[in-house]
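**Q** Pasting a structure here, questions to come.
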């Protein structure tokens, strides 16, 4: 069951769902808007001949901070990581689905490649997988709305929510755009 605006506000007001900073105007009929932070991870294309998910490639990306009032320019075909301005704390009985904003999608901005699902128990900032499918560069401004998070009530709380020690939750507690930790799946 997807939470309605009323259910989202109730979950936040009761402390069941954590969102910080929380802006009540971001609550939509069946989702909550999410904003872009000022940090991006850009790929260092000249450092490697290819990306190898089995290897830890520490300098594959570099962190870039956009100064106040400036924009990050995402070029056609470019792929970077960004993150939400908001920090989330999902309880064991709520899961989330990140989607892009329709108005930005119509300009060619994709907010995630494959990782749009947010597990119950997740705590941290959500990483965006941003790409520009248009033929022109797109200006991305810190604090602009770039996505929406729909929340789903599960049939029962997860027995082992994300962040439980046995799961090896690689991205629990992440702050800012977090580079891939796919190499940990090969250990």
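Using N, Cα and C of the backbone, Cβ positions are placed for all residues, glycine too.
Swiss-Prot feature annotations, pasted as is:
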- 129: active site, proton donor/acceptor (ACT_SITE)
- 101, 102, 103, 104, 105, 106, 119, 148, 162, 174: dCTP binding site (BINDING)
- 116, 117: site 'Important for bifunctional activity' (SITE)
**Q** What are the sequence-distant neighbours of the residue listed as 'active site, proton donor/acceptor', meaning same chain, six or more residues apart, C-beta distance under 8 angstroms?
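**A** Correct list: 79, 81, 110, 111, 112, 113, 114, 115.
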**Q** Quick check on the recorded positions 117, 162: which one has the highest count of other Cβ atoms within 10 Å of its Cβ?
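**A** The largest 10 Å Cβ neighbour count belongs to 162.
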**Q** Where among the recorded positions 105, 116 do you find the Cβ with the fewest other Cβ atoms within 10 Å?
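**A** Least crowded of the recorded positions 105, 116, by Cβ count within 10 Å, is 105.
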**Q** For residue 103 (dCTP binding site), which of the three DSSP-derived states applies: helix, strand, or coil?
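**A** DSSP call for residue 103 (dCTP binding site): helix.
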**Q** Roughly how many Å lie between the Cα atoms of residue 116 (site 'Important for bifunctional activity') and residue 101 (dCTP binding site), rounded to a whole value?
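**A** Spelling it out, the Cα of residue 116 (site 'Important for bifunctional activity') and the Cα of residue 101 (dCTP binding site) are 13 Å apart.
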**Q** At a 10 Å cut-off from the C-beta of residue 119 (dCTP binding site), count the other C-beta atoms across all protein chains.
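**A** Excluding its own Cβ, residue 119 (dCTP binding site) sees 18 Cβ atoms within 10 Å.
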**Q** If you count other Cβ atoms within 10 Å of each one's Cβ, which of the binding-site residues 101, 103 has the most?
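**A** Of the binding-site residues 101, 103, the highest Cβ count within 10 Å belongs to 101.
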